[in-house]
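Step one of this worksheet: look at the structure below.
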Amino acid sequence: MLRGAIVAVPGSRRLTSPSLLQATSARPEEAGEEGCTPGFQLKKYLLEYDGGFRKDQTLLTVLFDDCAGNEGVTFEVSNPDFLVNKDRTLVAQRDITESEAVLFIHGLSAHADDMAQVDISGAPIRPPHTLREMQGLNQVSSRTKRSLLVPPMFVPENQRPPFPRIIGKVISANMREDHTFRLTGKGADEDPKGVFSINKYTGEVAVSRPLDREVIPFYRLQVSTIDMGGRLVEGPVDLEVSVIDQNDNRPIFKEQRYAGEVLEGSPTGTTVMTMTAADADDPNTDNAVLRYNILRQSPDKPSPNMFYIDSDRGDILTVISPKLLDRETLPTTTYELEIVAKDMAGSEVGLTGTATATITITDRNDHAPEFTHSLFKATVDEGSIGVVVNLTIDDRDDPATGAWRAVYSIISGDPNHSFEINTNPDNNEGMLTVIKPLDYESTDLNTLLIRVENEDPLVPEVAYGPSSTATVQVTVLDVNEGPIFYPDPMRVTKRENLPVGSFVGMLNATDPDNRQVQSIRFAVLKDPAGWLTVNPVKGTVNTSATLDRESPYVDNNQYTALVVATDNGDPPATGTGTLIITLEDENDNAPYVHPSVVRVCEDAKDMNVFVVGGRDKDIHPNTAPFKIELGKQLGLEKTWKASRLNTTHSQIMLLHNLKRANYNLPLVVTDSGVPPLSNNTEIKVQVCTCKKNRMDCSSASSVHTNLLTLLVFVLSSLCKCSSSNMYI
């Protein structure tokens with residue numbers, strides 16, 4: 001029988017699995033430390049020749065990665081009798097009974113260009129029979145320096161003394177007596193130094209200490225030959241040493257305790273959670289292949305096998321039937337599982353690690369809430385608000401969920417929306433509350449139909465029944481209520497300045513206690529200005545003082561008073577009402593001018609010195625337009641002139657300059673009321689010195705005179721000094 005297999009180099013144990021050898025050798029130290037190295041991840045392969053190779057026989061799988069997705073990778077074999085398929089397997093294209101001892105595989109993509117060597121052990125050597133083969137072989141031999149044969153080597157981890165141990169041998173076809181082997185790189189003359197050594201005469205490679213694959217899984221060293229003078233003869237050629245894994249690491253769960261939940265009533269086979277452990281051993285060997293198992297379930301009721309764990313994936317699933325997975329009937333809602341993970345694919349010699357899984361059976365809404373009574377009774381005083389009764393229910397679901405929390409609603413019996421129900425979050429009771437005062441005279445008994453539901457919907461197979469509704473009877477107790485004014489507020493319109501004792505209005509109040517016969521008495525509760533009196537029996541309101549629209553107690557022409565009505569019930573009850581009097585204006589306030597003080601410059605060039613305006617406490621039509629005129633003083637018109645600007649203001653002009661002093665200018669202002677009112681007033685005029693936009697009135701304020709005195713002085717001067725002609 002023709003067969004091909006990968007074998008180990010001398011000093012290593014025989015590996016009959018091609019994939020195992022390739023995976024073990026395909027973790028270069030440089031790639032692990034520095035990232036992906038484009039090209040063949042394993043550059044040397046050993047293939048055992050045992051009588052030949054059969055057509056289409058898979059011989060080995062090459063490891064190639066261009067670190068960019070391997071798009072468009074092509075392979076070329078130095079011997080056309082062999083081919084690398086798209087799945088990167090080396091196959092024979094015909095039955096081969098003879099073969100050369102070495103094959104070379106050229107891998108090429110847009111991101112990598114590399115060569116790998118396949119040594120065929122035991123094959124009869126034949127020369128290349130085509131020019132293409134010879135060219136390919138020569139090119140490969142030149143690139144890989146075939147005169148120095150450095151096979152990959154393998155070392156089991158955790159070896160025991162004695163050391164050193166021979167792990168393989170390097171062969172040189174051109175070796176001479178004056179040549180020696182030299183070993184360099186990490187693990188030889190670089191840290192970690194001294195792990196490997198080479199016999200400089202025989203080429204035997206040895207390891208000097210136990211290795212730990214979990215620390216360094218792969219070494220890449222360089223072998224070369226040198227002459228007696230230390231000059232390089234051959235090489236360097238890479239020496240790849242793979243550390244073979246041993247089962248020296250237990251499975252470890254990331255956490256010691258895991259928590260999961262499953263809904264009650266879940267179908268059998270529902271996944272609850274996943275338990276995964278990690279093993280530091282080689283993942284390509286059984287040393288890291290884990291199997292999971294449940295060691296213990298606590299409690300073990302109603303069955304010791306309520307759950308199952310997938311031995312490969314670590315998924316925990318339910319085994320118990322949905323009917324038995326009932327949170328309300330199970331002895332507990334929390335189950336604890338002890339989970340074990342064993343490596344070596346679960347064999348007896350495997351190492352184990354354990355963790356705990358806590359599974360909580362969560363609630364679903366499979367129980368409808370039910371009232372503890374079909375009828376609840378309560379009493380409430382009319383006119384009051386607040387909670388009148390607490391409605392109690394039973395619900396077997398989990399109190400921490402929406403499957404237990406209750407939602408109440410009023411189905412019927414509350415047409416005026418006088419009630420509402422809120423849920424007490426502490427005990428799930430329904431608090432029936434009066435939010436609008438009830439009237440005993442309208443109805444003394446309210447019958448409500450109440451429904452209770454859960455926040456979460458019920459499961460399809462459960463429905464709300466008659467016990468989820470209840471009747472509530474609320475009896476209203478009679479309370480002596482105070483009289484009610486109508487209308488409230490009461491509005492009347494009166495002219496101000498009415499004679500004392502004038503009629504203002506008639507108060508009207510009724511007693512809502514129509515099932516009782518009661519009398520009502522009236523009184524003034526709040527009369528800010530003290531203008532009113534009320535007849536206690538008839539309720540007539542009259543003036544006790546003059547109504548004044550301009551009073552500070554009047555706001556926007558309205559005067560507001562509060563009145564009270566008291567019945568003769570036991571105990572008596574009172575009600576308040578508002579009386580608003582709108583006051584019509586009379587022309588009873590004379591107008592006045594503003595401002596009262598003005599300043600002018602003694603050498604003013606503009607004789608339009610200031611503007612005055614009229615004001616009046618009365619309102620239209622008893623105010624503007626105002627007439628503002630000079631007072632009735634002799635000669636006043638020779639110095640001043642008043643000109644109307646608009647309905648409220650007039651321009652005051654000087655007919656000639658005045659000397660620096662204070663003057664009192666008499667004016668007469670008249671409103672437009674019927675009849676009109678006038679007011680004789682004076683404006684203080686300060687004549688000041690003005691220089692560079694600054695006004696100095698300091699000395700002017702010390703001189704006090706009036707225009708009449710000034711006029712007498714001027715007329716006297718005119719009599720004595722005929723040559724002088726000054727008019728004021």
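Glycine too: its Cβ is placed from the backbone N, Cα and C atoms.
Automated prediction, rather than curation, is the source of TrEMBL annotations.
Per TrEMBL, the features are as follows:
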- 180-253: domain 'Cadherin' (DOMAIN)
- 254-371: domain 'Cadherin' (DOMAIN)
- 372-485: domain 'Cadherin' (DOMAIN)
- 486-593: domain 'Cadherin' (DOMAIN)
- 592-703: domain 'Cadherin' (DOMAIN)
Checklist entry - What does DSSP give as the helix, strand and coil breakdown of the domain 'Cadherin' (372-485)? => result 3 helix, 53 strand, 58 coil
Next on the checklist: Mean pLDDT across the domain 'Cadherin' (180-253), rounded to an integer, is what?
Outcome noted: 93
Checklist entry - What is the three-state DSSP composition of the domain 'Cadherin' (486-593), stated as helix, strand and coil residue counts? => result 0 helix, 50 strand, 58 coil
